[in-house]
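Written below as structure tokens is the structure these notes are about.
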Amino acid sequence: MTDVLVVKVVAPEENDNDPEMKGWLLKWTNYLKGYQKRWFVLSKGVLSYYRNQAEMNHTCRGTISLHGALIHTVDSCTFVVSNGGTQTFHIKTANEVERQSWVTALELAKVKAIRAMESEEEEEKETLHVVPSQEITAVVRDLTERLESLRTCYDLITKHGVALQGALAELKSMNIMSSDEDTIVGRIKIVNERATLFRITSNAMINACNDYLRSAESQGHKWSKALQHERENRERLEEIVEQLAKQHTQLEQAAHRVQQNKLAMNAQQVLEIDCGTVVSDDEIEFFDAEDDKVVCQNSDDVHDEAAFILKMGDTKQQQTQTSSSSTSSFSSEVDDNAHKLHAYALNDKAHVDSPDPNSPKGTGHGKTTGSPGSSTDNSSTAGGNFGASQNSEISISSGSGAGGTGDPRRPGGGEATPASNSRQAIRKRRTRVPDKPNYPLNLWSIMKNCIGKELSKIPMPVNFNEPLSMLQRLTEDYEYAELLDRAAECMDECEQLAYVAAFSISAYSTTTTRTGKPFNPLLGETFECDRTDDLGWRCIAEQVSHHPPMAATFCEGRNWICWQEFTMTSKFRGKYLQIIPLGAAYVLFPKTNHKYTWHKVTTTVNNIIVGKLWVDQHGDTEIVGLSSSAGIKCVLKYIPYSYFSRETQRRVKGVVIDRSDKVKWVIRGTWDSQIEIAKVRSTSGPPDSPEYETGQYKTIWERRMPSSDSEKYYSFSILAAQLNEIEEGVAPTDSRNRPDQRLMEEGKWDESNHEKLRLEEKQREKRKQREEEAEAAASRGEPFPPYQPVWFSQQREEGTDNIVHIHTGDYWEHKKRQDWSKCPDIF
């Protein structure tokens, strides 16, 4: 055995807080891993083990109390410690000497634990049969009787003291010269009797006080021990609950990995078999792609035509082979997987702002046939894939519907697409953030003092955060802004509203794995995200209020404008945390003056204390048309998660209703995966349970899954990883410049916590200063202006009495001039 075992023995009289023995030992785990190195600690009659020494302050992997344990030697280096069935430790040492030292220490600790338990049992032997309520009554009765004895002694002392004083006064007033001897002797005798009674009563009083004190001390010691016992039980229960939560999390992660491996194997089989029949490997030069999402599908699998075209360079011979015979033998499950992967590949095509009119035509486009109700043109030029070669181009088209074959843009990327000579070069952006460090934290010790409090008033360490602010998290809503680009092209306003509904649903797609809390923005904090070069939109957000916390965002796309005011209320009840958004979101399509508004649904974070955190969205919401689109609406229902439902979880369903209250489109899917829509042909059945006959469903949105190792860096998507990337020229109040957030991203969590406290204290001081100025102005009878945001102003919403924050429109001009004189000092 090559492991060096460290053993330290500490005498109990030297330091009762130090462990009696500790060191590295080998513990049997299972038949796969065998013996594993663990850190064992023997202290206060309990044998515990940890994976390493750092876990001693927060996580215990297992314990055995030695007062009833069995200690058995197996061989020269192995021994077993068991408590009778629930816990058994098979332990191996480096040599026989180490084994003997541990066994001896365990036996001595067992004897000591038994002796301590026996002494406790002897002390409480008389009251073991008494239930706690009866025991309390008996103790109170005993103390009350002793207190009555004290009162009786006090009354007697008072009575005899008065009599003694009277006798002394009579003796003092006598004239000794004129009194006879018998009278004087009689008076002295009376005084002596009174003094004796007073002394006896005083002694009785002293004895009664001593009895009361002894009884109170004995009962106090007993209840103090009971209180300490209950405290130790609570701490032990907390450790067990935490241990169970960690084991539960590990089991969930293992099950998730198994499921992902199965899905990956199915997808790989589809890729190998389907795509292997398209073109021979000898004729194609392959290049690395970001995701394995290119799938070839037989045209027989869908109602419309589908094409898979490879455009090669001049030196390569083009070759296309059909695959109708190879796909016919697939099971329905494989066909479904292929169809989903095919749609995923369609949604992953790179976007081209304006195709070059001089570029070759015809060979780079696939034929598309629109489904009924479709109104958008879906022919687009591919070639924007990251790392694509200039000598090859891949174009994929499908007949699953015009809306489903648009041109979603994946965030990030480095080089400009070769399909357009006039396209502006795209900035090279990062695709991930540094890995999340593994800093242990006792969750229960923090959460138990926060139950019933409002979320914004709970001081949280950065261990619960992710290195993004709420302003950046709101900007993530536009990750799938290509849905609004497609909506702007729709001629049918009801279909347009269906795309807007899909966009509102896509904002929740990252919440399934993102359980970290964003940083609360400071008052006046801003965030800009200018992605016009690759994604076609730019956004500005600002924290416009502190009490209540409120943020305002404004985003401009190619043919749409979107803005929202976000505030929320929250409820924390120990097991779960509910976040209820209160603000509204708006989108406007200037070409048609179609305007829509909606509210976000309730978000619930479950398993706050025990188990793995998971997020659910639930509730009903309406997307209502305004201005020229007034009268139409979309009703969406987010179905809450249920352990007893056999249907797909995280489902969303809804309908688009026109001005005559007729359902025109049906929406279905899941908010964490994909959304499908279908045009309604006819409606039947009762009004409370209608049935809709629809055309073919088309997938208009599919989630772009994060990297397989994204759990290492907060489960960030590519866009999320790019939000906090350092940029030159942004405002000094930008979230990228926030020091505590930057330190957390860099893994310096202790420094980040200190900076977080400093910034919060600075914000409180500023708020206190404004309150004092307001009080001083009020005392002088002068008006005091309220806080005014820098880049937003409060305006009355058109057609309503609501006051909302609207962008002033001058942020980007100030950025162009680098004029930040209006920005406050918040960092």
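Each Cβ is built from the backbone N, Cα and C atoms, and glycine gets one as well.
For reference, TrEMBL has these:
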type	residues	note
DOMAIN	18-111	domain 'PH'
COILED	227-261	coiled coil
REGION	313-334	region 'Disordered'
REGION	348-438	region 'Disordered'
COMPBIAS	366-383	compositional bias 'Polar residues'
REGION	729-796	region 'Disordered'
COMPBIAS	735-771	compositional bias 'Basic and acidic residues'
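Break the domain 'PH' (18-111) down by DSSP state and the numbers are 24 helix, 43 strand, 27 coil. Within the chain, the compositional bias 'Basic and acidic residues' (735-771) has long-range Cβ neighbours (under 8 A, six or more residues past its boundaries) at 433-437, 439, 459, 461-463, 465, 467-469, 471-472, 519, 521-523, 525-527, 546, 724-727, 787, 826-827. Residue counts for the compositional bias 'Basic and acidic residues' (735-771) under DSSP, helix first, then strand, then coil, are 33 helix, 0 strand, 4 coil. This prediction places the mean pLDDT of the domain 'PH' (18-111) at 83.
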